[in-house]
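Report on one structure; see the data block that follows.
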Amino acid sequence: MRVPAQLLGLLLLWLPGARCAIRMTQSPSSFSASTGDRVTITCRASQGISSYLAWYQQKPGKAPKLLIYAASTLQSGVPSRFSGSGSGTDFTLTISCLQSEDFATYYCQQYYSYP
């Protein structure tokens, strides 16, 4: 049986699990801070990702280090001054009292869907 192309297109739109690429936006893109400061970094997803979000810390010349997964679960060995919150589209990484060893680049990553 032949299915008209228009109908096939509509059916594809309704396929469960069919998703567009998810765009992640972090803010601020850069900032200055001093030891002892409370630092907050936000991450926004272009569509809902439930709690499928991880935060990483990367220092120059080193591989990224996982800090937080499932939006708020601290990876073993990560100091408790790091915390994560949020669900859906809006997420936050907070460092409650910045230490000298925390000066680094921080990234969020969604793992709700893959390209």
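Using the three backbone atoms N, Cα and C, a Cβ is placed for every residue, glycine included.
The signal peptide feature in Swiss-Prot is assigned to 1-20. Per Swiss-Prot, region 'Framework-1' is recorded for 21-43, and the stated evidence type is similarity to another entry. The domain 'Ig-like' annotation in Swiss-Prot covers 21-115. According to Swiss-Prot, the disulfide bond annotation covers Cys43-Cys108, on the basis of sequence analysis. Annotated region 'Complementarity-determining-1' per Swiss-Prot: 44-54, in sequence order. Look at Swiss-Prot and you will find 55-69 tagged as region 'Framework-2', backed by similarity to another entry. The feature region 'Complementarity-determining-2' is assigned by Swiss-Prot to 70-76, with similarity to another entry given as support. What Swiss-Prot records for 77-108 is region 'Framework-3'. Summarising the annotation, Swiss-Prot assigns region 'Complementarity-determining-3' to 109-115 and lists similarity to another entry as the type of evidence.
Long-range Cβ contacts of the region 'Complementarity-determining-3' (109-115) within its own chain (Cβ-Cβ under 8 Å, at least 6 residues beyond either end) map to 19, 21-22, 24, 45, 49-50, 52-56. Around Cys43 (disulfide bond), a 10 Å sphere centred on its CB holds 24 further CB atoms from the protein chains shown.
Beyond its flanks by at least six residues, the region 'Complementarity-determining-1' (44-54) meets 19-20, 22-27, 66-72, 84, 86-91, 108-113 of its own chain at Cβ-Cβ distances under 8 Å. There are 23 other CB atoms within 10 A of the CB of Cys108 (disulfide bond), with all protein chains counted. Cys108 (disulfide bond) falls within a strand segment according to DSSP.
In the region 'Framework-2' (55-69), helix, strand and coil residues by DSSP number 0 helix, 9 strand, 6 coil.
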